[in-house]
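Chemist: Pasting a structure here, questions to come.
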């Protein structure tokens, strides 16, 4: 039984490493020699995946689920990153290691592949293709951060909420032709926290969008019409 368990664990790890190899566009054979340094872990909704700088020695590949990364600067400001499966994180300090105060939490049940940050940095130095791919991903990460900040600059609360919903659809939404689907985790409280407005105001705006058939609550998921984004999407 022990041998079967180890075999199953190794097969799972190999499968996820192949997924990572596809994501960063390299042959699996480049990662295979380092399989023993990697791990696969499962997290339940609400569980902390890491809190840096104490746990910043790993890079993670999100295999399944949704996460929120809350980055705290020296002034106490909070920057939120939302991610769904098929993303590598955190990579902003990959080439310039520094302490980053970032809390990463599972918004839904999640599965992640972990590997040492030093290993990824070494692979980048040894392989130009990996470096170029990671550099492009870092730029995408910065663009996401910029879009989030642009949404927060909207003068009117309703515009701010709409742009934040648009931002979430683009980052963690699932394209379903006429609408986007956002899984489980989105709540009125989270929207009010993101927009910096009261829960009551956020709830009133969402209610208006529901009346206009632009947002529909389907069980715990949100269905967002693409008509919502006309002329306001950042």
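Just so you know, glycine gets a Cβ as well, placed from its N, Cα and C.
According to Swiss-Prot, the feature DNA-binding region maps to 188-207. The nucleoside 3',5'-cyclic phosphate binding site annotation in Swiss-Prot covers 40-129. Swiss-Prot lists 155-228 with the feature domain 'HTH crp-type'.
Tell me about the surroundings of these features in the structure.
Modeler: Confidence over the DNA-binding region (188-207), given as mean pLDDT on the 0 to 100 scale, stands at 93.
Packing around residue 64 (nucleoside 3',5'-cyclic phosphate binding site) is summarised by its Cβ count: 14 other Cβ atoms lie within 10 angstroms of its Cβ, all protein chains included.
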Chemist: If you draw a 10 Å sphere on the Cβ of residue 112 (nucleoside 3',5'-cyclic phosphate binding site), how many other Cβ atoms land inside?
Modeler: 24
Chemist: Using DSSP reduced to three states, classify residue 64 (nucleoside 3',5'-cyclic phosphate binding site) as helix, strand or coil.
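Modeler: The residue in question, residue 64 (nucleoside 3',5'-cyclic phosphate binding site), is strand (DSSP, three-state).
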